[in-house]
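Asker: Take this structure, written in structure tokens, and hold onto it; I'll ask about it next.
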């Protein structure tokens, strides 16, 4: 059995396999300022209550602070939902991106996580089954605590080799190129291999985050000592809690797993990767795009706005200035990340370099505010999507890369991984 088959089998209490349609009890449900109002409107038509307010998380992150009257009205309606049903796990604007908030506070191995956002797949990094749902489905989940799902097939991706120049973002872009934008439609992408086994949680979250860019239902990684260490140090779980999680740990026997496809990627000789307009699977080695002039750089998002990402970017910006023709926007993924970056002097480095620092949230990723692109402008971004018109004008251009490449390129004024 694959990892998702085992997780879902444990959830329902009997053995399931790819293709089975099952009803599942949800452990954690989340919507944000964009999807809570839609789910709330649908909920009103089916129920006067929610199944468990303590298992519902609402986070304002897409338009924070509200940048239009419509955005303000949406948040007003979402806040009505929060107050009406006594949702204690409410995170107002400025606390961070919903997925970073879930990672910092809520998700545990073996959970079934339902989110009103397509990048809910991020949380498979904890050894959970996490996936996105539409507003009507989220309304039903809020009302009943249940949903149905077809057990997805699984693509196994093993990352092997050694290469200190390659980041998790480079790896997941390479995987996107290999699988393609529709190659994993309604499938789970199960990551493994020595590189993943030694990767920290920030990197694993980046890998799983972009499963949806390949059409995936979720990305998933076995929980292990790195997972438990994160939960203990970053989340404050007790030794007793960790021991219980270890006892319930789910692992995969490769010889018994029935995968739709198995892929191995050796990063030993791999160049750093860049996705070029207008799809995340349109990926090229950086040598193919080096020298492309840019107007804007964005470092942030649920893909690469975590503390390790900001630390990496700061290494290349320290003592340097952003190119005169480039706007550099930096948005920490959460308040917690922001505060620690302040404490470490990282924000000081960014500000002195000439960066604009914005409220923790999604920022320009969705093209709503805080860095919208004009016609013909080119942005190098650490986000996950570079669709046509995604960040502004329909005739603007987005390249995707790692925080390292983003920082260096901001200094040079063109896409590069070289400072000298």
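Every residue, even glycine, has its Cβ placed from backbone N, Cα and C.
Features from Swiss-Prot:
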BINDING   302, 362, 365  [4Fe-4S] cluster binding site
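What's the neighbourhood like for each of these?
Answerer: Around the Cβ of residue 362 ([4Fe-4S] cluster binding site), a 10 Å sphere holds 29 further Cβ atoms from the protein chains shown.
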Asker: Taking 10 A as the limit, how many CB atoms besides its own sit near the CB of residue 302 ([4Fe-4S] cluster binding site)?
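Answerer: The answer is 29 other Cβ atoms.
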Asker: Quick one: what's DSSP say for residue 362 ([4Fe-4S] cluster binding site), helix, strand or coil?
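Answerer: Note: residue 362 ([4Fe-4S] cluster binding site) is coil by DSSP, not helix or strand.
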Asker: Would you mind pulling the DSSP three-state label for residue 302 ([4Fe-4S] cluster binding site)?
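Answerer: Reduced to three states, the DSSP call for residue 302 ([4Fe-4S] cluster binding site) is helix.
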